[in-house]
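See structure below.
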Amino acid sequence: MSTIIHPQNHPVPLPHHRHLFPTKPPPYPPCSSSLSFPKPKPKSHHHRPLLLASTTAVSCHTLYYKPHICNDVNSLLTLLNLSVQYSDAELAKAVHACSLKLQEDTHLGNSLVLAYLKLGLFNHSLNVFASLSCPNVVTYSSLISGFAKSNQGSKAIELFMKMRTEGIEPNEFTFVAILSACIRILESELGFQIHGLVVKMGFLDSTFVANALMGFYWKFTGILRLVFKVFDEMPQRDVASWNTVISCLVKEGMYEKAFELFRVMQGIGCFRADFFTISCILSACEGSNAFMKGKEVHAHAIRIGLEGNLSVNNVLIGLYTQCGRVRDVAVLFESMPTRDVITWTQMITAYMEFGLVDLAMKVFNEMPEKNCISYNALMAGFCKNGEGLEAVKLFIEMVEEGLELTDFSLSSVINACALVMDVKASEQIQGFCLKFGFGSNVCVEAALLDMCIRCGRMADAEKMFRIWPVEHDNSVVCTSMLCAYARNGQPDEAVLFFLRCRLEGTMDLDEVTLTSILGACGTLGFEKMGEQIHCYALKTGFVTDLGVLNSIISMYAKCGNMNDAIKVFDIMPVRDVVSWNALIAGHILHRQGDEALAVWSAMEEAGIRPDTITLFLVLSAYRHTNLDLVDDCRKLFLSMRTDYNIEPTSQHHASFVSVLGQWGLLEEAEETIENMTVEPKASVWRALLDSCRIRLNTSIGKRVAKRILAMKPQDPSTYILVSNLYSASGRWHCSETVREDMREKGFRKNPARSWIIHQNNIHPFYSRDKSHPQTKDIYRGLEILVMECQKAGYVPDTSFVLHEVEEHQKKEFLLYHSAKLAAAYGILMTKHREPIRIVKNIHMCGDCHTFMKYVSIITKREILVRDASGFHCFRNGQCCCKDYW
């Protein structure tokens, strides 16, 4: 049964006595302590006007020494207004005492109820309500609204039921108040019944009620169809009606529809957008990266006089941070007539987004008022810019100053410890979290697990995973472990863990999970599983998430399917800089430099601000162009500071050096490194050394090798590259010296590993690997394949065997390289003329590269090999890399 139609089922036991205060005045003058009241604290450097103190004091004094005023209802109403205006509870109580001597006046009683509600004296308001012999709809509406606004929705609903029991018909204000109560306490069923009563009583024509209904339906259902149904049936609308629908569209990510509705609203003419409308549309511009449209809306805001509105300007800071330049944000901030803590905090976030850590700290230090959110923003910014140690220091300052610590604060400092990768610091912050009771917070625990993984404490991470409380959501920690496997170069383990968790039902698929598993599928080249995840995302609606879509683009590109990657990119309703980066990176992976530069041009035309990764990718694209475009690459490299406000990093220098080396400009590459304003890292010299290897320039290569070894690099790949250079030139003693130095430092070469996906299973191979169940067939097949290739002209190149052994032993080493084993298995297990897809974790050696060319001829198959340099597409004895990799 409907609780509205039968309200007697919900009686509200409220007192029914009238005299709540003594009717006789106190025997002491009003200036005594019993009637005195404290002056309110001055707010934000503004002193309380002298009129305030004198008015309230005189008003109390007047009540006792001018008794005729106590008999004047209008005078009492005036004093009630004063009590609310100056937050003077004692004056309201004095007026209440005077009213008890008068004949009951409903208007005065309602005013007393409303005054007590505004002063936060809810029990007093109920007492006045109980003393009224005939409370009317205004009384009930005021009480319901007051209790709803103070998050006492249950009491508001009780009052509404009592009102219906006493036969008092609700008005439009009552309906708005009760719908607000339903929203606050999540009472959806009652809200639906209220809608029915609204229709029955004919209040659907009320603009206020319809607006409240739209807010209710969006809050509980999130179904825009129901919101639009109420909106479309409204005979009259106001600005709030349009704002409600536009806001719903923006929250749902339907930005184009929001723009369309805004245009319709503006076209009607009788509606003038207010600050809320403009703020919503600017948020849509930010969410859709529609920078030019955002500038148009900004201009419109200025035309209608909102250039000084605080809310509008705060949203504009976010828009220009997302789509504009740092200068635009700074100019806007300086021009703002008023600022609040949100403004200052957003400026911290903005400067951190642009990588301007010093300016962000300057803004933080100049803030007139700071709160925990400001500290959290600065701490998150430090983490974003890789300043983990600074984030830890800031957290210590927060603790020492006694600031509120939220789960976001803890998650940020945990992330900072993960960046620092200091085992001792990670143990200390974990102990802090447990000591102060944050250990039971799911988000904090998940962050701790991630920190343990990044700091190399895998044993502790696995222990946390095993003892994860049953009452907590296992999905969060399972997602963290999945991310750990994917991040630590164990994509096959990530896939197995994912499938096991799905089978056990311990993992819910959300945006983070889908992004991680798509990344693992891309790393493995497991396209079929990636397609299934893509279908799941389409079915469940996760394709609206930018991160998921970006991961899908990257997955298809890494699996060798650029056509589908481009299709996904083209149908994206919204793109961010990561979307463009993913597509550019995909073309580079496929050695399609011209296509990558075409995407870069489109990105610039779309007004998307590139980040440091974008420029690194674009510089790299010039390695793979059909024509020599070194001049364009040089121009871009030299304009990074002036045009994009991005300081070239070691990555950018290494990329530019690689481009120069690719086109044979080794001397200019060496000169570029010599002229760097900062000390070049080993990675920059390594790029030149790699170019020397490709161009067979041993003279420059020797100089570069000495430079690298003098720097004592911390990655094994650099030592291996130098060792290989010495080995290739026959300098075995130098090669062995480098490898011995590498062993003394504890560095180990990452073993070569190739794999092939067959029948949804991963089949890995190592050099001279005999662990596969079909080893005999694979080895026999490979021997036949080598003989056929030798008949076609293949000659094993033993210079790629980096061991000082006999010639026949070198040939045996070459024969069973992991890529050759994977190719043999693929040919044995796949249909005739079906392409062979192989993935290798490091660069393919020159002999395997030559071998694959011959295999593509004799088998008449296309062979796709993805190694650390990108894709090699072998077809009819040719490779797409043109023998430069």
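Each Cβ is built from the backbone N, Cα and C atoms, and glycine gets one as well.
What TrEMBL lists as repeat 'PPR' is 136-170 (among others).
Summarising the annotation, TrEMBL assigns repeat 'PPR' to 238-272 (among others). Counting same-chain residues at least six beyond the ends of the repeat 'PPR' (238-272), those with a Cβ under 8 angstroms from any Cβ of the stretch are 207, 210-211, 214-215, 218, 222, 224, 227-228, 231, 280-281, 283-285, 287-288, 290, 293, 304, 544, 573-574.
Looking just at the repeat 'PPR' (340-370), the mean pLDDT is 91. Per TrEMBL, the feature repeat 'PPR' maps to 340-370 (among others).
The repeat 'PPR' feature in TrEMBL is assigned to 371-405 (among others). Among residues of the same chain six or more beyond the repeat 'PPR' (371-405), those with a C-beta under 8 A of the stretch's C-beta atoms are 341, 344-345, 348-349, 351-353, 355, 357, 360-361, 364, 412-413, 415-420, 425, 429, 436, 438.
Sequence annotations record features per position, and here TrEMBL assigns repeat 'PPR' to 474-508 (among others). For the repeat 'PPR' (474-508), the list of distant contacts is 442-443, 445-446, 449-450, 453-454, 458, 461, 464-465, 468, 516-517, 519-521, 523-524, 526, 529, 755, 762, 764: same-chain residues at least six beyond its ends, Cβ to Cβ under 8 Å.
Helix first, then strand, then coil: DSSP counts for the repeat 'PPR' (545-575) stand at 23 helix, 0 strand, 8 coil. The feature repeat 'PPR' is assigned by TrEMBL to 545-575 (among others).
For 576-610 (among others), the entry in TrEMBL reads repeat 'PPR'. Broken down with DSSP, the repeat 'PPR' (576-610) shows 26 helix, 0 strand, 9 coil.
The repeat 'PPR' annotation in TrEMBL covers 715-749 (among others).
According to TrEMBL, the domain 'DYW' annotation covers 793-885. Look at the domain 'DYW' (793-885): DSSP puts its residues at 37 helix, 18 strand, 38 coil.
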Quiz item: Per DSSP, what is the residue count of the repeat 'PPR' (238-272) in each of helix, strand and coil?
Solution: 27 helix, 0 strand, 8 coil
Practice problem: Kindly report the helix/strand/coil residue split of the repeat 'PPR' (136-170) according to DSSP, in that order. | Solution: 26 helix, 0 strand, 9 coil
